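Enquirer: Let me begin by handing over the structure; questions about it come next.
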C-alpha cells in the first residue's frame, strides 16, 4: 500500500499482514510513502556495495589553480552496513547550475510534529549542558562522522515494523530518541554524479530512506516524524592525494536543502571523492561512503602573452610561463608572429619543453606582433593576447670630440655637433688635480655646455658619447682644454751677475712670487741711459746680457714679465756703471823682403783707438807649425826680425797687439808666411798589417815636406835579406801613403822600406820594416768517388795543401747537417741516412788556422730500404677461426706480406698466408685456444724483418645448429615436436629451448626447456596456424651459451569440425594413435599449401631480405 497524501507528513498507524514489514519514506515534496515489503525482501543485512568510480580516462595533472593532492580515502573511515532494504529513489526536483540550490518548497508541520521537534531540541540542549557533545571529535575525520559501532550498532537503522505494532508503541524512549534521529539521518545514500565535464559536475541525491522510524519497547510505541524541509544537506569534496598514507581531506562545498548541486571550478583530469551528510538542526548523520569520479582532460588554458627579455637591433628574446596541462600531457608550445609587415601570423617556433626563444636576424627599428598557443593531446588552446615588441635602432657611431667655444679664467664653454640619430649626450670631465677620473658633468639633449667654477690655467680632459634606443656609442677621443691664466705678479729687482764690463754686463732676477701656475712666456728688460727707458731684452730667461754699451757710463734697468694672462707691472729699478777698456786693433803684420829658410822680418801699424789711455808696448806673437805660440817681440818698435826656431819649408803665423794701462788690446789679424823650401824628410812609422796569409797592408805617415809638397812615395820589397840593398825591388810609386801587397806566400818573411820625393829632391829611406805572413787554411778538397747503401754513403777524397798548418780534420756538409771527422782521414762512411734520398755533399779541410773552402758539390743517393713489418691486428674472432688485419685501404705498392703462426706442438713457425692482401683468415682452429702470429713484408728492395709476436685467442664454440624439427602429433590443443640431437665436438651438456608462435603474429614464446629431443606443447588454440623452432643451449661452467635457432616449421592444429569428422567417419579403419597422426599430417599438409598460396609474395620478400642481410654481413666481415 502506498500513501500519496499531499498534506504535511503525519505518522499514521498501518496494519500489515503477518510476517510483512512496512517502510515509511518522505520524498522531497513532503509526501509520506508507506512501502509494504514481503518477508523474502526483508532480511537484507548485507553492506552496501562499494561507491561507484567515475573516470574519464583523462590525465589529472593540469589545473587552473595550484594543484593539491590528497589520499583517495579517509583514514579510519569505512562504509557501514545498513540493515534496511533500499527503497525506490524518490523523484528529484529540477536543479540549476552553480553551488546554490534551487529555492525550497514551503512545508508546514502539524502540531504533533512540532511538539516532537521541540522535545528533541530541548533534550539535545540538556545533553550539551550535562555532558560531552553528541558527536565527539574522535568520531569525526575531517568532518566525516564515523558509522556506529558496538552492540547498538544496528539500533534504529530500520524504519520497519510488523503488523502487530501500533501507534502507541512507536514513540521511542527519550534516551534513545537522539540515536534514532541520527540513524535516520545516516540512512541517506551517496550522491550520483551527473553531467560530468572537465570543470564541473552535477551531483544529485535522494532524501534519507527513513524519515520516520518505529521502534518496539516494553511500554509501547513512540513515533518521530521529521519534515523533509527541516533537513540540510552538506556536500563534502576531496581531491586526490599523492601520498596514499595520508588521510583524505574533505571540505564542505555546499550546505542547503536542495537535492542537487553543481560543482564548478574543478580541475580537468583530476580525481575527486565526494560524500554527503544530512543535518537536522544541531544533529547530523553519518557521512556516506565517498564516491570517486575523475574529470576528463581538456585543452590547455589560454597562455599569457610572451614577455620581452632582451632586445637588440637584430634580435628579440622572448619568454613565456608554463601552462597547466589540464589533465593531458602538453605536446608543444607554438609561437607565431607577423614577420614585422603587419600581415597574417606565421609559425616561427615549436617546442615541447623550452619556454624561451632568442629570435635572430630581425630588421632594426621594426615592430613585430607575437601570440602564443599551447597544444596537448586533447587539442589546442586559445591564442594569447597579441603583444607587439620593437627591435632597437643601431647604436650611434663614435661622436666627434667637443670643441671649445670660449675659455675664461674660471670656465670653459664647449659645444658639439648635433646628429640625426643622437638623442641624449653624456659629457664627462677629468680633473687631473682631483684624481677621481672622468666624472659626468652633463647629461641631456643640448649640444653645448659651460663648465663653471674651474681653476685658472688648468688642464681639463673631456669626452663625449651619444645614446639612443639602440644603445650607446663609443666614447669620443679625449680632448684637453685649458682655462685662461690670470695676470702674473711683478718680478724681483734685477741684480748684476758677474763682472761689469766696459761694453756689457749681465743681470739676473727672480720670477714673481704670485702666480697661478701659468707659464711665464717672456721677461721684458728695459734700460735708461738718460733719455728714457728702452727695451733691450725680451725672452723666457731670468737673466740677460746688456751689451753695446759705452764704457764708463751709468745706466738704470727694470724688468717686467708676461704670461697668457697679461703683462705684470715693472720691478724696482737698479743702477749699473760700465768699466773702461783697452786699446783697439793694430794693423795686420806684413812680410818685409823675401822669406828665407832660417829667418823672417815683419812690420805693422799702430791702433786707431787707444781705449782712453796711451799705448805702452807692442807684443808680437808667432805660431809654430805644431800650433804652439810664443811672444817673440815686446817693445814700442813696430818692426821685428825673427830667426829663432825657423825651419825651412814650414808655415808660420804672426799677430800683434797694443798694451795700455788698463789692459792689452785685441790681437790683430794673423799673417801667414812659409819659410824657404828643402828636400822632404824620411817617412816615419811604417806599419805592416797581415790581412791574410797572401795579403799585407803597408801604411806610413807623411813626413815633413820642408817647404815643397811631396809628389811621390817609393815603396820597395825584399824577401831575402835586409842587409843586401840590391835585393829590394820597387813595388809601388805614387802619392798615396798606403799600399796593399797581395799574392804573397803564406808563412814567409818580407822586408819593406819607403822614400818621399818633392820638387827639391828625394829624401832619405825610412827604417826597414819586416813581417811574417801567417799560415792559411787548407786548399779546396777534391772528391774522388763514393759508394752507397740504403742507410749510409762512403766517400773518398784527395788530401789538399795544408798552407802552413797541419790538417787536423775534415767537415762534411750534407745540407741539413755537418759531420766533423776526428782525424785527418781521406775516406769516411756516413751512417744513419734515409733510404732513397739524394744527398748533395761538400767537404772542406780544417787546420789550426781555420777551415778551407768547400769542394764542388758531389751528388749521390742512398739505396731503397726493405719494408718494415706492419702492425698485426685481430679483426674477427670465432671458435674455429681468427681473422687478421695489417693495413687499411689498398696495397698500391704491391708489397708482399707473409703471416706465420707458431705450431702448438712442434713450436715451429708455419706460414699461413703469403700475398699482397691486407687481411687473411686462419681456419681449422680449436676453441678457447691462444695462437701466436708474426708478419713481415717484402718488396724489390729486399725482405723486411719480422714483427714482434702477437697472441690472439679463439672464442668458445656455440652448439651446432639443429635441423628442421618434425611435428610428430597434432591435436586440437596440443602437438608433439621431435628433433635430432645437436652434434658437437665438446663434452658439455646440451639442453634445448623450444619456442612457438602464431604464424600471423610471429611473436615467439618459450614453451619447453630441457635435455630431451622431444616435447609436447599444450594449451594451443584449435584451427590455428603455428610456427615452432628449437635452439640448443650449451651448459658451461660460466653459464649457458645459446646456439642458433633451427629453421622454423609451420603447422596447424585441428579444428573441432575436422576432429568430429575424423572420429565419426565410418570409413575410418584406423584407430588410436595411428589415426591421430594421419589426421595431423593431413591437416598440416593442407595448411602449409594454403599458407604458401596465400603468402607467396611475402615469403619471397622475406627470403630476399634474409639473403641481402647475410650478404652484407659477409662483405662487412671480409672488409
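Each Cβ is built from the backbone N, Cα and C atoms, and glycine gets one as well.
Heads up, TrEMBL stuff is auto-annotated, nobody curated it.
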Enquirer: In TrEMBL, which of 436-455, 456-475, 476-495 is tagged region 'Disordered'?
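Expert: Residues 476-495 are the ones TrEMBL records as region 'Disordered'.
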Enquirer: Counting by DSSP, what is the helix, strand and coil composition of the domain 'Fibronectin type-III' (398-486)?
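Expert: DSSP classes over the domain 'Fibronectin type-III' (398-486) add up to 0 helix, 43 strand, 46 coil.
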Enquirer: At a C-beta cut-off of under 8 Å, are there same-chain residues at least 6 beyond the transmembrane segment (1097-1118) that contact it? List them, or none.
Expert: 876, 883, 919
Enquirer: Give the mean pLDDT for the domain 'Fibronectin type-III' (585-680) on the 0 to 100 scale.
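Expert: In the predicted model, the domain 'Fibronectin type-III' (585-680) has a mean pLDDT of 87.
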Enquirer: As a quick check of your reading of DSSP, tell me how many residues in the domain 'Fibronectin type-III' (302-394) are helical, how many are strand and how many are coil.
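Expert: Once the DSSP states are binned, the domain 'Fibronectin type-III' (302-394) shows 0 helix, 42 strand, 51 coil.
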